[in-house]
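Colleague: Here's a structure for you.
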C-alpha cells in the first residue's frame with residue numbers, strides 16, 4: 001500500500017496496533033468534540049493565493065529560539081512510544097535528528113533521558129515536564145535533562161488532573177508489564193493496576209504561575225509553556241519570563257469544549273506582540289495546515305498523533321516518511337499560495 005498522506009498512516013496504525021494502544025493514542029476527553037474540532041477548524045480557513053510570484057526557489061527553514069531547523073514542524077511530547085514501536089522514543093529521536101527538526105521528549109517516556117540523548121546525540125531536543133507532588137523528582141529530571149544536553153524545558157500547564165478519556169476507562173488501560181515509565185522508576189511505588197503506572201494523584205494540582213520562577217531557579221534552559229489558549233494567559237506567560245508559548249489543548253484530551261488551537265492562536269499571537277515565540281500543536285494533518293498556522297502567526301507547529309502513526313508503521317523510517325510528506329506538502333502549499 002502506497003503511503004501518500006498522513007491519513008494513510010493513521011489507517012495503518014488503527015488496523016495493526018492493539019486496540020487498547022490505538023484507543024489510548026486516539027482518545028479525546030468526554031465527547032471528543034475539542035479533539036475533532038482541532039482538525040475541522042483548519043478546513044474552515046481559506047487561503048488568499050497570489051499569482052506570478054516567482055516560486056522557483058523557496059527556503060522553508062526556520063529557527064526555534066535561535067537554533068535552525070529544516071522546516072517549521074517539530075514532534076510534540078507524547079507518552080509511551082513503545083506502545084507504537086519496540087524502540088520507542090529512541091526511534092523518535094533518531095528520526096527527528098535525521099530530518100533536522102526538534103523533538104520534545106515526554107516525562108512519560110518509555111525510554112530514559114540518557115537513552116534518548118544517546119540515540120541522537122546532536123539532535124535538537126527539548127524536555128517536557130509534568131510537575132509532581134514530589135518536587136524532588138521534578139527537580140532531578142530538569143537538572144538531568146540539562147546535563148544531558150537537552151536545549152529547552154517545556155512545562156505542560158493544562159494537566160493538574162488527567163482528563164476523562166472514556167475508551168481508556170472502558171478498556172481498563174494499563175501499560176503492559178514489560179513497559180515502564182523509565183524516567184520515574186524508583187520515584188514512586190510501582191502501581192501495576194493504575195492506568196499510567198503511577199500512583200493516583202501523583203501530579204501536583206497546586207502548580208501556579210509562581211512555579212515558573214521555581215523552574216528558573218533550577219535551570220538555565222529556556223522555558224517554553226505548553227497549554228495556553230487565551231490572551232490573558234499569554235500575557236501572564238510573557239510577564240513571568242517564559243521564552244516561548246505552545247498554543248495547545250493537549251490534543252483535545254483534557255477539557256472538552258475549549259477552542260481548537262488554530263482558533264486560539266490568533267488572540268495569543270496578538271497578545272504577545274512578538275515578545276516571545278509562539279508555536280502550536282493539535283490537528284495538523286497536511287502541509288497546508290502548517291502553512292495556515294504560520295500565516296496566522298505561529299513560528300512552528302508540533303505533531304503528536306501523526307508521529308505515533310509513523311512509528312507504528314515502520315519505526316524511525318516510518319516517522320521520517322510522515323515528516324517528509326508534511327515537508328513536501330508544506331513546500332508545495334507555499335509555492336501554490338505565492
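In case you wondered, yes, glycine gets a Cβ from its N, Cα and C as well.
Residues or ranges marked as active site, proton acceptor by TrEMBL: 250. What TrEMBL lists as FMN binding site is 77-79, 106, 128, 130, 156, 226, 248, 281-285, 304-305. As annotated by TrEMBL, glyoxylate binding site applies to 165, 250, 253. The feature domain 'FMN hydroxy acid dehydrogenase' is assigned by TrEMBL to 1-338.
Would you situate these features in the structure and describe their surroundings?
Modeller: Of all Cβ atoms in the shown protein chains, 25 besides its own fall within 10 Å of the Cβ of residue 250 (active site, proton acceptor).
Using a 10 Å radius centred on the Cβ of residue 77 (FMN binding site) and all shown protein chains, the other Cβ atoms total 25.
The number of other CB atoms found within 10 A of the CB of residue 253 (glyoxylate binding site), across every protein chain shown, is 24.
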Colleague: Tell me which of the recorded positions 165, 250, 253 ends up closest to residue 128 (FMN binding site) in space, Cα to Cα.
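Modeller: If we rank 165, 250, 253 by Cα distance to residue 128 (FMN binding site), first place goes to 250.
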Colleague: List the residues in the vicinity of the glyoxylate site, defined as same-chain residues other than 165, 250, 253 with C-beta within 8 angstroms of the site's C-beta centre.
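Modeller: Here the non-site neighbours turn out to be 27, 28, 29, 35, 162, 163, 251, 252, 254.
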Colleague: Calculate the distance in Å between the alpha carbons (Cα) of residue 304 (FMN binding site) and residue 253 (glyoxylate binding site), and round it to a whole number.
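Modeller: Roughly 12 Å, rounded to the nearest whole number.
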Colleague: For the binding-site residues 79, 282, 304, which Cβ has the most other Cβ atoms within 10 Å, all shown protein chains included?
Modeller: 282
